[in-house]
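Taking it in order: structure first as structure tokens, then the write-up.
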Amino acid sequence: MADDQERDLQRFLENVDEITSLIQEMNSDDPFIQQKAVLDSEKKLLLMEREQEEDGCRTTLNKTMISPPQTPENADEMSPDAFLASVEKDAKERAKRRRENRVLADALKEKGNEAFVRGDYETAIFFYSEGLGKLKDMKVLYTNRAQAFIKLGDYQKALVDCDWALKCDENCTKAYFHMGKAHVALKNYSKAKECYQKIEEINPKLKAQVKEHLNQVTLREKADLQEKEAQESLDSGKNTAVTTKNLLETLSKPGQTPLFYAGGIEILTEMMADCTERTLFRTYGGFSTISDHEVIRRCLFLTGKDAVEEVLCVSVLKLWQEVCVDNEENQRLLVTHPDMARLLPSFMTSRILVIQQQSLDLLLQLTQTENGRNQVIKHLDMTQLCEALLSFLAFSDKKANTAIGILTDLALEERFQVWFQTNLPDVLPALTGALNREPKITSPSALCQCIALLGNISAEPTARKHMIAHEEFGNACLDLLVKCEEDMDLFREITYTLLGLIMNLCLEITFLSEMWVVKMSRKCLSLLNSKDGGILTRAAGVLSRTLSSSQTIVEEALTAGVVKKMIKFLRMGGQTASRYAIKILAICTNSCHAAREEVVRLDKKFDLLMLLLASEDEILAGNAALCLGNCMEVPSAAPSLLKTDIVRVLLKLAGSDSKETGVQLNAGIALGKLCTAEPRFAAQLRELHGIQVLNSTMKHLNDS
């Protein structure tokens with residue numbers, strides 16, 4: 001009892017010290033210290049309640065008084081119990097108010113968000129501020145308000161709000177993000193980089209986004225230096241710099257003829273010899289002078305252009321190329337101009353060849369860097385752009401290669417891949433049109449590159465399903481394969497690449513129409529007569545994925561001598577070809593006795609299959625076990641293996657910890673068929689304790 005009283009006393013004294021400290025913090029002038037004290041007091045209250053519940057399990061001192069308590073001599077004095085009760089009551093009231101304020105703050109935040117979306121940033125700031133009046137430690141209100149301040153150009157206030165958000169949560173990545181943007185706007189580039197680097201430290205998963213923002217900071221810093229040097233050249237009276245400025249002023253004059261502007265733009269283009277003039281073009285509003293000029297703009301958007309309007313358009317395209325040379329900030333400004341999203345794709349599909357060529361040259365220049373490619377993907381109409389690039393397959397010259405090369409480079413960017421997965425159904429008609437091109441009048445290398453791009457895209461399951469769902473796409477693949485077979489020497493690369501795409505499509509065999517599968521299988525059976533090793537391998541690859549869907553095709557394949565050809569594949573070696581060959585043999589022997597007999601005849605002592613069973617490639621070994629098990633149904637097959645260690649080999653596979661459960665299952669089935677066909681193998685199995693191994697394997701397979 002005395003020990004319990006002593007512990008209670010010590011606990012009480014500790015509580016008094018802690019509560020006194022909390023009260024002092026609650027009275028602090030710093031609102032964050034106040035809020036922290038409130039939270040700590042709530043935690044303390046919960047802890048005390050938990051301790052009281054635990055204390056209820058042990059004997060406590062009976063505090064019942066015989067006589068009523070005496071009035072304290074000093075009214076200001078408070079008993080310890082009353083003091084704790086007061087703190088408890090205050091904490092509960094504060095917790096209740098905090099919950100109520102949280103609801104109000106959330107409602108005000110939503111109103112602020114709605115105003116922000118409308119572009120009414122002042123109103124958004126008002127609601128965020130009102131919310132902070134209800135709850136001062138709500139970090140999202142600080143970061144949202146900082147974002148609104150950035151939109152209004154009030155970067156210092158944005159930085160202050162970001163600081164407050166970090167006081168609420170030192171790992172608030174959103175605060176560092178907005179702080180970085182504010183520092184960039186204030187030209188504090190080193191501080192901006194520190195902010196973005198801090199984001200990656202906190203969350204390494206954001207590495208890609210951080211890299212992009214750091215790149216933007218570097219480019220902005222480089223652009224500032226260019227502008228400073230360009231202004232110094234202008235101030236020093238450099239002739240070309242002054243001429244550039246004067247020409248821009250002349251071109252901004254309204255009401256002149258298109259030919260006047262075309263001539264001025266051509267002279268201006270000649271001035272764009274180095275970085276100084278290109279930068280001055282930017283700083284003195286060159287992009288808006290050209291793109292927003294009433295006469296020039298009208299000519300750019302006209303569908304049917306006369307000779308003068310054509311000259312003006314070409315001169316503008318050449319100017320844009322020159323001002324973008326080695327100047328990524330100019331490239332950014334050009335690509336982000338609102339008109340460019342639809343203007344550049346429309347130029348590329350123009351009936352005027354010179355405009356087509358110049359616009360293609362411009363796009364090529366814009367996509368030379370990673371940043372340029374991402375700017376194009378982010379800001380241009382990618383559906384129209386893809387269609388425009390694919391339309392260049394109509395040309396047999398280098399324009400087709402350039403266009404598909406650009407598309408391929410864009411497709412390597414993660415941003416493009418994300419866009420493509422979402423928008424593939426919209427682009428599929430154009431991609432199907434590319435496959436429908438007549439290979440004899442299309443650039444073979446460009447068409448091949450286009451098909452390779454489709455093959456890469458089809459490696460992703462969702463993309464494959466979209467392609468298969470678009471029936472015309474599969475038919476276009478089949479038709480193109482037929483066209484290429486007419487001149488295999490000329491179209492060898494196209495055929496080889498196309499078979500790779502078809503192999504990917506056949507991974508979704510259940511979604512393909514039976515008629516298409518039959519036609520494609522027949523075409524690949526004929527390709528097995530090719531002398532080209534690459535085409536042979538891929539044709540076998542397609543068949544390894546289609547044969548199992550149709551007994552008719554299996555029978556046609558046997559008639560075409562597929563077993564003999566696959567045995568030849570296996571004798572030649574090569575992991576990829578062997579994988580396809582043994583799978584085809586497994587499919588054929590699984591459904592056709594004639595195939596089993598032919599395998600037994602061509603591989604009399606099963607030397608090939610034994611070799612594959614010993615392979616470290618689990619897929620090879622598993623299909624070899626399946627094929628061997630099928631062949632055990634041929635009467636003379638099992639005895640031919642008596643002088644081999646086939647039981648030990650199969651038992652090892654059946655008891656292995658293979659990731660491919662089919663390996664264990666196929667080996668177990670093969671053992672069963674082997675022992676059934678030849679009882680002497682059953683004796684070997686018992687000697688090797690194989691029954692226990694098989695039982696254990698079957699139990700494991702059933703459990704998994």
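Keep in mind that glycine also has a Cβ here, set from the backbone N, Cα and C atoms.
Summarising the annotation, Swiss-Prot assigns phosphothreonine to Thr71 and lists a large-scale study or a structure entry as the type of evidence.
What Swiss-Prot records for 105-138 is repeat 'TPR 1'.
The repeat 'TPR 2' annotation in Swiss-Prot covers 139-172. Within the same chain, residues 32, 105, 108-109, 112-113, 116, 121-122, 124-125, 128-129, 131-132, 178-179, 181-183, 185-186, 202 sit at least 6 positions outside the repeat 'TPR 2' (139-172) and bring their C-beta atoms closer than 8 Å to a C-beta of that stretch.
Counting only same-chain residues 6+ beyond the ends of the repeat 'TPR 3' (173-206), those with a CB under 8 A from a CB of the stretch are 139-140, 142-143, 146-147, 149-150, 153, 155-156, 158-159, 161-163, 165-166, 213-214, 216-217, 220-221, 224. If you look up Swiss-Prot, you'll see 173-206 marked as repeat 'TPR 3'.
Taken residue by residue, the repeat 'TPR 2' (139-172) breaks down under DSSP into 27 helix, 0 strand, 7 coil.
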